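Q: I am attaching a structure below and will ask some questions about it afterwards.
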């Protein structure tokens, strides 16, 4: 090596062919910095300002009540305070059978008159029946008239005139409110679908209909009509178990915190606890699946397959099939074998990971505020998600009511054209298309703002993805700066600067907002392109041939791989930014070159360390999941009595499992960032220093000894 001097600061070259230079006085993250990627920072700030302006515009023009309240055929809200419909909170359809028209799919509106009512019908009645019974009992008409557009003294109009003027429904059926809309009250009697205990009935126009026809019409209006029962039961389960779910998440947080603390002192022992725990939990799952599989032997219909029963809204039906439990058992067995094989073949590499985990535990122990940072990230992400959702709703509800011509048969040449409901009956369209109606279609407008609402929605989504990635990048850069301060302190913890996390966070915001925005922009661009591909795939699925489907799958796979690679490069680039304070491109290039020069070390520790941390997440999630399963299935009555009236125990169980994993991921993500930062600094340390008195190593002696045994330090460096 040839010592040189540049601007009075000593530097060294690795060799004649390596242009990389080192500052021999380097003692940690650079303190004197300048702003990086200023142009991207300016663009990022302008986008945020534009995002705020878009939010104000959407707030002025949008009306979220249009989502909360159903809208009648005239565009009036049902149940809105201060309007004539204040006490009429439910939407009623005049002729539900017309909802089988193809125009339902095009206009998302049923081609029949819709009015707001205070309650749904409770009996079968037709307009023709009312005309006869009115003479003997006027109470029938009093009841029937509440489902007409306006109050009539008596049913004097003929059926033909009623159909022409569209004043009243020609028939009403027993109904119940669902999602603030009147839907027929279906029930099953002896395996036959009925409405109000009837299988057939008059539709008011002289035709005899059955419950199946009415059900088909209702399904076209609302696809989730079949899920009303399961939806109510799920809501009841959440109302019963919310405090148990909260308790499970608190226990998961405590376990994660405890594991992070214990990793500092007994990382090796705790790793094998992870191993035994994960293997034991998966083994318990295999045993339970086998037991359920055996219990279903001989049960009626248990031999059916998922293909036989099709798609069911009642998920519990799938748990009554032997195929379901057999599939779960096979998956768990494969996972168990995979973990055991990983332990056998990676046993030597795991020693390196344990050493790095110990060093990471010390760093977190000296900088405990890093464990609180995931809460700050969660708050930032929650703000971004909430702002995006609110703008999306306000944009979707912007505009004035737009009315369109709708005909029951959908064969009029004026179908789907705009109209004015106030004068529609006097226009030529009403004469040319008998039975046509001018119904509310959607909210829109012809102004410049309304014409660009789809573009605004795309902009809203893109900036949302940009901000989400920026928040994650900010957290990674701040944590990397804090942990780098720990590593490059020669005497730990005496040389660690005060408030390292706060200092690193301030540096990232003050100097490197542009660099973080640059990396986030690249990732957001890839993600938005993946979303566009997914959108096109769903909307053009029927028109695609096998070749186009194959190309679509290839594109999805390529962009998924590209996103994964970019995330990896960005993560290491942010570490280099936190240490040296250079711009994004230089940091990404130096991080890439550093990893390539130490590709053996990367192959040894990177995936193995991630594997160890994933096992920790699985162990926390598995422990909480097993406890929740035993609690919600009433298998711990002698220890603690859980909820006894659950409809579907898997609803709170899955909530606890997913929530526990997210909590554990928040804690262990700090650990992963710590290990990655220490690894990058370790590689830099080995290239800068040789372990002599003049150039000592900054890494801990125990870690250095382990690396020597694994021959990850060159002979020249050891000498």
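Using the three backbone atoms N, Cα and C, a Cβ is placed for every residue, glycine included.
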Q: Given 186-215, 366-395, 396-425, which one carries TrEMBL's transmembrane segment label?
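A: That would be 366-395, the stretch labelled transmembrane segment in TrEMBL.
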Q: Looking at 137-157, 158-178, 221-241, 242-262, I want to know which stretch TrEMBL calls transmembrane segment.
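A: TrEMBL lists transmembrane segment for residues 242-262.
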Q: Can you check which of 590-610, 653-673, 674-694 TrEMBL lists as transmembrane segment?
A: 653-673
Q: Transmembrane segment per TrEMBL sits at which of 5-27, 74-96, 97-119, 511-533?
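A: The listed stretch tagged transmembrane segment in TrEMBL is 511-533.
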Q: Would you mind telling me which of 463-490, 547-574 TrEMBL tags as transmembrane segment?
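A: Here TrEMBL associates transmembrane segment with the stretch 463-490.
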Q: Quick test of your reading of TrEMBL: among 269-287, 288-306, where does it put transmembrane segment?
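A: In TrEMBL, the transmembrane segment feature sits at 269-287.
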Q: Of the listed stretches (242-262, 366-395, 511-533, 611-632), which one yields the highest count of Cβ-Cβ distances below 8 Å with the transmembrane segment (38-60)?
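A: Ranking 242-262, 366-395, 511-533, 611-632 by Cβ pairs under 8 Å to the transmembrane segment (38-60) puts 511-533 first.
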Q: Under 8 Å for C-beta pairs, could you tell me which stretch among 325-346, 463-490, 653-673 has the largest tally with the transmembrane segment (366-395)?
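A: Top-ranked stretch among 325-346, 463-490, 653-673: 463-490.
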Q: Near the transmembrane segment (611-632), which same-chain residues lie under 8 Å Cβ to Cβ, leaving out any that are not at least 6 residues past its ends?
A: 241, 244, 248, 251-252, 255-256, 259, 271, 273-275, 277-278, 281-282, 284, 339, 342, 346, 350, 353-354, 357, 640, 642-643, 646, 649, 652-653, 656-657, 660-661, 663-665, 668, 671-672, 675
Q: Which of 269-287, 325-346, 463-490, 653-673 shares the most C-beta pairs under 8 angstroms with the transmembrane segment (242-262)?
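A: Answer, by Cβ pair count: 653-673.
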